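Comments concern the structure below.
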Amino acid sequence: SQSYIVYLGSHSFGSNPSLLDSESVTNSHYDLLGSYLGSTEKAKEAIFYSYNKYINGFAAILDEDEAKEIAKHPNVVSMFLSKRYELHTTRSWNFLGLETDRGFANVSVWKKSLGEDIIIGNLDTGVWPESKSFSDEGFGPIPKKWKGICQVAKGNPDKFYCNRKLIGAKYFSKGFQAHLGEAENVNFDSARDTAGHGTHTLSTAGGNFVAGANVFGFGNGTASGGSPKARVAAYKVCWNGCYDADILAGFEAAISDGVDVLSVSLGGRSPREFSESGISIGSFHAIANNIVVVASGGNSGPQISSIVNVEPWTITVAASTIDRDFTSYVILGNKKIYKGASLSELELPPNKSYPLISAVDAKFDNVPPAFASICKEGSLDPKKVKGKILVCLRGESARADKGVQASRVGAIGMILVNDEDSGNGVIADPHVLPATNVGFADGSAIFNYINRTKSPVAYISKVKTEVGVKNTPTIASFSSRGPNDLDGKLLKPDITAPGVSIIAAYTQANSPSEQPSDKRRTPFVTMSGTSMSCPHVAGIVGLVKSVHPDWSPAAIKSAIMTTATTKNNNGVEILDSSLEKATPFAYGAGHVQPNLAVDPGLVYDLNVTDYLNYLCGREYTSDQLKVFYGKPYTCPKSFSLADFNYPSISIYELDVWKSLNVTRTVTNVGPPSEYRVEIQQPPQFQVTVQPEILRFTHKGEKKEFKVTITMKPNSKYVTDFEFGKLIWTDGKHHVGTPITIKYTDL
């Protein structure tokens, strides 16, 4: 038997279902399944979720033959297995800030007072309610629009609580339990976060101000989330992995509770067709109810086409560095010095060098070199390692786990060397021994020194916090890249935001290294991943929505994208971790600029009909559309995906002998203005815009323009992608739209 999600057509009631409405829907689910299983009693046993408010469907445990029969029922519009998703943090390699005054260093004073009416929900591993980031000091009464609860088990043995800041919490584990049966030592009756991921992400989006936040004394400052005055709610849908059935239940709860923004730091290994993904379907229903959904793009970079959560209605976030480093240097016996990253609180005794050994040289005789090189458990010989600094290669196992293995076999320190894919993207982790992470090129030099030196020695310096680091941000090596594998005509990611070594609140039920042997506890910790960049954007959405409560989710997304920058703090183009120039496939529209997002000048707006037409363009049937939309919808006779009013322009497979036209519509959200077009031309193409001037006389006025893209005469033919940018400016506002073109010589 397996867990299936069964979708039925639209609900007969409107957008505010009564309890009676919901109950009658659930009874109809029991009746439908009961007609196949022999009785409604059997159906009640099999169904573990009835989605009865916004989504019409159920999750049930069925065998394959039953599932095949049910799929034939005329009311069943879609049916798929409840699949597993992962959290988008990079602690462990096999998984696909609240910032101490750095990630949000450039957000002006207005964020300190705005947004008490905004509610940010988080689908994740729960929350640690005692964290100071969720203190309700200075908060007024809970907004009247809030319909949620603080869900606790009978008698509340877990002592979980909510307050005027953390206004709600719910937990959903039936999908996980249906897959795994009873898991040992897991309390399924609590929204308490025992992993730390949910506390970290929720505090990054909406954590209150906390003075003196730091990790073991490093990075000390006042912590605050993107919307420090917002109310927050936790939806615990992840246990050991996150399943479609629980994710959908979380989305439905968040919609009916009345959240304004949903932060979703989880996803699959590769994008799934929208009609078979709980995240796609849940997020569509959220958008249809005017909730902005922000999702992490995944941590499978730098491989191309690794980006996930590519729905056109969500904001998909990549990860980049910030201008703060936690620096620890490697000093070799040949006096060469290499800069690394670490949060080790332990330091080596000074004025002395220590013997240096690579993990391959430290292996047991019967262990394959590739296994030992990454410092896998059981691969290293303590006799060879004791008292030495061990050099481990990054990959496969968690970075902090390598330090635990090194420590177990008696190493006095560890140098963690990046693999080629990770480039120069180093990450500061709270290692259990003196340790530092160096880039690929520096690591190669260290291995060379070991191989060419009879008695190699090294020293690892103690950690120092550096702020105002130049040439930041850079794109994180792990951040998943475009082009969008599901639809090359839609650029993803949409935006990049801080996601490397982000300090935020943490659980007291887990160690900072997440290793069971590590008994340390800390109220704040660093984490890295698109899991961390996603809530930065969710927090910014909260601020924008607070200033512009009447804006649609698409308008808010457009404002964030068109005001982004592709330059770093030195004024040159943003680089990736291998120090090559990054492209829109790494950063989307660019790096988020919170202050500008509140006043974008013009927006590219979209509504639910546009998203349905987009699905029509993907050849969805009217039955498949019922999964997303409560009412029957008829696709238009013709719909061009090229004219989908997205804040980026992606041309996929342009015939080089023809020119191509794309139309877009902008809405004026500023004062009366005259906008002129500026074009950064893709090298082999001519991009022209008609008209070249847009005059707006009032707020809310819409203007259409046409973009024509033609191959330049005498262009040298290239099969790769080309990038450009279209900018509308009135002198004050710069409304930027990235252009990506792939073309084929037909």
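Each Cβ is built from the backbone N, Cα and C atoms, and glycine gets one as well.
Automatic prediction, not curation, is the source of TrEMBL annotations.
Just so it is clear, the model here is predicted, and its values are computed rather than measured.
Of all Cβ atoms in the protein chains displayed, 28 besides its own lie within 10 Å of the Cβ of D124 (active site, charge relay system). Feature annotation from TrEMBL assigns active site, charge relay system to D124 (among others).
Sequence-distant contacts of H197 (active site, charge relay system), defined as residues of its own chain at least six apart whose C-beta falls under 8 angstroms from its C-beta, comprise L87, T89, D124, T125, C238, S265, M527, S531. Under the heading active site, charge relay system, TrEMBL lists H197 (among others).
According to TrEMBL, the feature active site, charge relay system maps to S531 (among others). Of all Cβ atoms in the protein chains displayed, 34 besides its own lie within 10 Å of the Cβ of S531 (active site, charge relay system).
On the 0 to 100 pLDDT scale, the model's mean across the domain 'Inhibitor I9' (3-88) is 92. According to TrEMBL, the feature domain 'Inhibitor I9' maps to 3-88.
According to TrEMBL, the feature domain 'Peptidase S8/S53' maps to 115-572.
Marked as domain 'PA' by TrEMBL: 375-446.
Under DSSP, the residues of the domain 'Subtilisin-like protease fibronectin type-III' (643-741) split into helix, strand and coil as follows: 1 helix, 61 strand, 37 coil. As annotated by TrEMBL, domain 'Subtilisin-like protease fibronectin type-III' applies to 643-741.
Residue counts for the domain 'Inhibitor I9' (3-88) under DSSP (helix as H, G, I; strand as E, B; rest coil) come to 34 helix, 27 strand, 25 coil. Applying DSSP to the domain 'PA' (375-446) sorts its residues as follows: 24 helix, 17 strand, 31 coil.
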